[in-house]
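Notes for the one structure printed next.
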Amino acid sequence: MHESTLARWVLKTVLQHSLSERASRVRVVRGWVAETESLSAESLSFHFAAHARGTSAEGARLQLELIHVEARCRACDRTYAPEHHLLLCPGCGSTDGELLGRTGLAVTAIEVE
């Protein structure tokens, strides 16, 4: 149900924006999600659509870009692509890593009318 919770957060953000713009309808919601979040874009869109029923966001398209995330091993300084949230260095096997760049989920644009 991770997607359902995030879909509610996205919808709350969208509806607040829609209200502040005095919009009658939300057309498109754009954003990004880090590949480490283990989210299904299809499931997130499904939950967003379900939660949006009866609101100004009903029928809005949710367009999410999947962004690449890298990690850096603090033990050997190698940069690598982590699997989900597992920071296991493929070079030395250390779990002492840090994520580089953006993580999580963000709404970047909302089109209303």
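Note: Cβ is positioned from N, Cα and C throughout, glycine not excepted.
Any TrEMBL annotation is an automated prediction that lacks curation.
What you see is a predicted model, and the numbers here were worked out from it, not measured in a lab.
What TrEMBL lists as Ni(2+) binding site is HIS2. Counting every protein chain shown, 13 other Cβ atoms lie within 10 Å of the Cβ of HIS2 (Ni(2+) binding site). According to DSSP, HIS2 (Ni(2+) binding site) sits within a helical segment.
Neighbour count (other Cβ atoms within 10 Å of the Cβ, all protein chains): 21 for CYS89 (Zn(2+) binding site). Annotated Zn(2+) binding site per TrEMBL: CYS73, CYS76, CYS89, CYS92, in sequence order.
Cβ neighbour counts within 10 Å, taken over all protein chains shown, single out CYS73 as the most crowded of the binding-site residues CYS73, CYS76, CYS92. Listed in sequence order, the residues ARG74, ALA75, ASP77, ARG78, PRO90, GLY91, GLY93, SER94, ASP96, GLY97 complete the 8 Å Cβ shell around the Zn(2+) site centroid, once CYS73, CYS76, CYS89, CYS92 themselves are left out.
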